[in-house]
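Report on the structure given below.
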Amino acid sequence: MSNRVFASIDEAKDYLYSQFGKDESYDVCIKDLHVKSLPILMVYISGLVDGTATTVQLTPLFFDYDEDEKFSELDIEIEHEDKYFDDHFNFYGKSIPKDREEFMIGVLAGQVGIITLHGYSYLLELRSYPGRQPDEPDNEKVIRGSRDGFAENIMLNSALIRRRIRDPQLRFELHKITTLGHTDVAICYMKDIVNKKHLKWVQKRLEEIKHDGLTMADKSLEEWLFKQKFHPLPFVRYSERPDIVAAHLLEGHIAIIVDTSPSVIVVPISLFHLLQHAEEYRQAPFIGSFTRLLRYLAAFFSLTLLPIWYLLATHDQYLPDAIDFIGTKEDSSVPLFLQIIIANLGLEYLRIAAIHTPTPLSTAMGLVAGIIIGQIAIDVGLFSAEIVLYSAITAIFTFTIPTYELSSAVKYFQFVILLGTVIAGPSGFFIGIFIVFSYLCSLKPMTVPYMWPLVPFFPKAFLRVFIRFPMADDALRPYIVGAKQRKRI
């Protein structure tokens, strides 16, 4: 049974003109049509509707009838009109709005709105969003594995996940948030596995969002969900790979899909989730474990290599004979600490410039900046060759961190440790390490310890963090997600 949103078709037309304006937007189409000689009003946004599907679905309504069935506006009663259009619009994707606001949101989201003579309204699912086809994400490439990735279409992204988890317990819970943008957000989870407290937490936070829009999509949503403020670390994992998201869902995590974003949010997570990569699971368990250990070591040295080098270079009494080559051999008018800061700022400017440079030119720009400018800076005495060497090694270590948000945050923690080392020497180095570690341990997004399973310490889970076990031996879901069913078999 449909809902009478407007008193009449004329009132509906006046309302639509008051909202959209008359001939003020070229993409807003408001058309007067007739079905069996009865007037109807069709409204849609031209760029968001599949024109071919609209023609195929609606043409029979206008032409496929007998002359004897024709009736005039005076012949049909309100309840008969309701039943007639309910029957004739009975194809997939038909919905009945409960009020004018829902009708307008549906039209602006790409649905075709139909209003009958007596004000009954329908929304037909004939939308087709402009966008690209699924491609392999640039920042999550694998040697072997699928080459598809999420796009900027929430329906396409849901289908890519559904294709990998063909289970009726998989849920896609749709929410519309913000007052002007009316952004589509889908909460994805396995109903028989997910932790209900975590699910209710996400649902409640989405309902609490009071804003006009989320034009920055997933990142804006993260800030609203966790009230992130000035915390430098990410509290969610972003992924553009459907296989990674599907694997997390089967573990009991929750995925949040935001329309217009190719990245899907995964919660809850710990720091060690941000250091994992799909390539580890595309290799043999031994190779995957070795790769993972190398990545953890690289992440640690990206944080501590420069502070350790500075400590040894300025306190040569701690240098063993085997590594007495460490330290600057040339005198410079620029303090060593300032040299490190200048070199790191230069690398950061280089990274920013590479982002803003067209792809064909970015490689050449990197070579010019890294080789020519770096060599000239050494020749003029701005900083020593060792500064360039260790800064470059640190940058390489940073690039091995698979999560871009985490690799960006590591640089600031590195500065905290370096500053402590400059001020107080060895004591300052360990104080800096302690400050960073204490800060990490204090974080509990979604009441989940950020340093789990190190703090609190879970020996078996900690072993699984460092070693990629064979799939046949990976029979338990992570304790951190609080899944209703811990056994996976």
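For all residues, glycine too, the Cβ spot is worked out from N, Cα and C.
Sequence-distant contacts of the transmembrane segment (293-312), counting only residues of its own chain at least 6 positions beyond either end whose CB sits under 8 Å from a CB of the stretch, comprise 275, 277, 318-319, 323, 326-327, 336-337, 340, 344, 386, 390-391, 393-394, 396-398, 400-402, 407, 410, 413-414, 417-418, 420-422, 425-426, 429, 432-433, 436, 466. Summarising the annotation, TrEMBL assigns transmembrane segment to 293-312 (among others).
What TrEMBL lists as transmembrane segment is 332-350 (among others).
Per TrEMBL, transmembrane segment is recorded for 362-381 (among others).
Sequence annotations record features per position, and here TrEMBL assigns transmembrane segment to 387-404 (among others).
Annotation source TrEMBL lists transmembrane segment at 416-438 (among others).
Residues of the same chain lying 6 or more positions beyond the ends of the transmembrane segment (450-467) and with a Cβ under 8 Å from any Cβ of it are 233, 235, 270-272, 289, 292-293, 296, 440-441, 443-444, 474, 478-480. Taken from TrEMBL, the feature transmembrane segment covers 450-467 (among others).
Packing against the transmembrane segment (332-350) from elsewhere in the chain are residues 306, 310, 313-314, 366, 369-370, 373, 377, 381-384, 387-388, 391, 395, 411, 415, 418, 422: each is 6 or more residues past its ends and has a CB under 8 Å from a CB in it. Residues 303-304, 306-308, 310-311, 314-315, 318, 337, 340 of the same chain sit 6 or more residues outside the transmembrane segment (416-438) yet have a Cβ under 8 Å from a Cβ within it.
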